[in-house]
Amino acid sequence: MSLRYESIESLSQMIQNKTIRPSELIEDTFVNIEKDDTVINSFLALDKEAALEKAKTMDNETPSGKLFGIPMGIKDNIVTKDVETTCASKILEGFNSVYDATVMNKLNAENGILVGKLNMDEFAMGGSTENSFYKKTVNPFDHKAVPGGSSGGSAAAVAASLVPFSLGSDTGGSIRQPASYCGVVGMKPTYGRVSRFGLVAFASSLDQIGPITRNVKDNATVLEVISGLDPHDSTSAPVDNVDFTSQIDKDIKGLRVAVPKEYLGEGVSEEVKASVQAAIKALEKMGATVEEVSLPNSKYGVATYYILSSSEASANLARFDGIRYGYQAEGAQNLEELYKKTRQEGFGDEVKRRIMLGTYALSSGYYDAYYKKAQKVRTLIKQDFERVFENYDIIVGPTAPTTAFDIGAQINDPLTMYANDILTIPINLAGLPSMSIPCGESNGRPIGLQLIGKPFDEKTLYNVAYNYEQIFNMHERYQSL
């Protein structure tokens, strides 16, 4: 009996009822990974021995915790004490953290079992997972297509039913865009909802960790586990933990839905428009009221994001110098040369591009023209959302302007690649919660519906997503892959 297509809820019930043992589930997981991941390439490292040992110990224990015996994959920019963390970069090859990230501690406290670390764009910079130093991940729905990025391995592993859930990180769309491309459920929580302690920083004012699953309720369960105030993270918000799964199925009659006209305009493919408009009509049939609104400053989102995120990245990545950990270049004659050679050889092209862009934006004479101006535009984008949320409960639109593109099609065209995140970036700039759920397909490649909520109102997003999932879900499609 293959357990790969079962939900977290179903697997937990089976373990509780002693229909299966945790060790059987973990053994089945590794059988599937070893059989299928030679093609998908979602995992960078596996922790088979430790996972099986932990599962066998659990066989003799009374089930406790929301994730007892459940296998999980973690994006490789979230540090794990016992498994290498590389951020898919040569410069961190062989790096082993001396501690677990807060989210890992929370997952372990609920008795989840880590099976491995997942591929990504190097240092989370990219939208296709082609920027990984180690391997290229493919889209389980179409092996010629990218899985999205930067959390491409996290989305692909879940879509291929190798694990029931994974964690990704989202700085400008890096959970939601791959979730859209791979036909899975991806949540970027409100900034501060989930601790970033142990997440290797890209852009600290934008980064947020979130779950990727095959159904909405599983996603809510995982967010419940990883949420909460953390004294190790000064940006962690002092808000009460929420039971996201309770009343997840309540009806949405009277829900006020806003649809930004900019999100269905130029650049959005006809197939994506049609699927998203059909999903919006479905919400209307369920009793929601839908009105068009405007988010006029969203068009400046991509430019604003690349100035701010690259500026923060140039500072955050200064610590990788070949001295303390990771890759160290050979043949340097002095300290300055060691720094230069290590960073030149250790970082990939996209990371270098963003470091240079960020350093330029922060440099004397350009700071006011670029960085300071971008901060002002960020405020305007945030105010646009605040105005809309005075009268509406949720904003709905596409997650990405198109379906997944072919591997190799955009890797040499950074501006086109950057534009793929035009619909997700503004939400990070505003610090809001947002999720992608499947709403259609075009030529076998999935289309995602993006739901955007008020600060710390992930519960409403899950409620709407769950109701929509009852009329459109991908369960049978996962089994056909």
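Yeah, the Cβs are placed from backbone N, Cα and C, and that goes for glycine too.
Features reported for this protein in Swiss-Prot:
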- Lys75: active site, charge relay system (ACT_SITE)
- Ser150: active site, charge relay system (ACT_SITE)
- Ser174: active site, acyl-ester intermediate (ACT_SITE)
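Separating the Cα atoms of Lys75 (active site, charge relay system) and Ser150 (active site, charge relay system) is a whole-number distance of 9 Å.
For the active-site residues Lys75, Ser150, Ser174, the ranking by surrounding Cβ atoms (within 10 Å, all protein chains) places Ser174 first.
Between Ser150 (active site, charge relay system) and Ser174 (active site, acyl-ester intermediate), the C-alpha separation comes to 5 Å.
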